[in-house]
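Below you'll find the structure, written out as structure tokens, and then a few comments.
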Amino acid sequence: MREMPGLAGTLYVYAEWLMRFSAANILWFIANLPLLFVLFSVYLNGFTEGFVWYLLPIAGLFPAVLVPSTIALFATLREWIIQKDQPSITKAYLFHAKANYRKSLFSGIFLMGIWLVWLVDFYFFKAANGFFGLLFAFIGLFLFVCTLNFFSLSAHFDMTQRSLMKNAFYVTIGNPLLSLFILASNLAIFYVSTAKLLFLLPLFAASISAYLSFLAFYRFALKTKKKITA
């Protein structure tokens, strides 16, 4: 397509990127509607005694829907960053979701186990001791960044589950600046999209989060590769 000069060309580029981010985000949002409905119900009802019953659908939807759809989102946005041609965003997303579903499902079960252990420990120690509750809150933030790096590694490399988790851990603790950027940017996106601009949730929040997380990881991976080959 012929490039448009001047202001019109700039506006076209911005509009195209907005469309791409919104299209990818909507695909992810639609895939996760069942899980989002459950989480919204938890938010409305609060963490009461009945909260335990919400864990049952979450335990099924987390590995079967959330993790595969999120890895597919990371893989789709990865192609933008490495400048790989895509037939269409929808086709690319569905291709990655279908091609990697089985592996992503096992990844989801693995991650769910880790997060479930953290959740139980967090609520136990939070009730028993405020200091340990704060400590496990920081551990949760670390696990959050580690999970995002796990998604980036899953989208970029073909590794076993054990290698993915091990490398996600090493990347997270091995580069504090990378981890701080991923954490700060994602917390900012979460705050703005849940407290200020709710329309970002279905349109941009997940795709921008995945894009920034993978972009930071990819630059780190390139620097590491350059050091190894130097």
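Using the three backbone atoms N, Cα and C, a Cβ is placed for every residue, glycine included.
Away from its own ends, the transmembrane segment (21-45) comes close to residues 51, 54, 57-58, 61-62, 65-66, 69-70, 72-73, 76-77, 89-90, 93-94, 97, 201-208, 210-211 of its chain (Cβ-Cβ under 8 Å, at least six residues beyond either end). Per TrEMBL, transmembrane segment is recorded for 21-45 (among others).
Among the features that TrEMBL reports, transmembrane segment is placed at 51-77 (among others).
Summarising the annotation, TrEMBL assigns transmembrane segment to 105-125 (among others).
Marked as transmembrane segment by TrEMBL: 131-155 (among others).
Annotated transmembrane segment per TrEMBL: 167-191 (among others), in sequence order.
For 197-218 (among others), the entry in TrEMBL reads transmembrane segment. Within its own chain, the transmembrane segment (197-218) has Cβ neighbours under 8 Å at 21-22, 24-26, 28-29, 70, 73-74, 77-78, 80-82, 148-149, 151-153, 155-156, 171, 178, 181-182, 185-186, 189-190, counting only residues six or more beyond its boundaries.
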**Item:** For the transmembrane segment (51-77), sequence-distant contacts whose Cβ falls under 8 Å of one of its Cβ atoms, 6 or more beyond its ends
**Value:** 24, 27-28, 31-32, 34-35, 38-39, 41-42, 45, 86, 89, 92-94, 96-97, 100-101, 104-109, 111-112, 115-116, 151-152, 154-155, 206-207, 210-211, 213-214
**Complete:** Same-chain residues at least 6 beyond the ends of the transmembrane segment (105-125) with CB under 8 Å of its CB atoms are 59, 62-64, 66-68, 71, 132-133, 135-137, 139-140, 143, 147, 150, 154, 161, 164-165
**Chain residues outside the transmembrane segment (167-191) and at least six past its termini with a C-beta under 8 angstroms from it** = 141-142, 144-150, 153, 157, 159, 200, 205, 208-209, 212-213, 216-217, 220
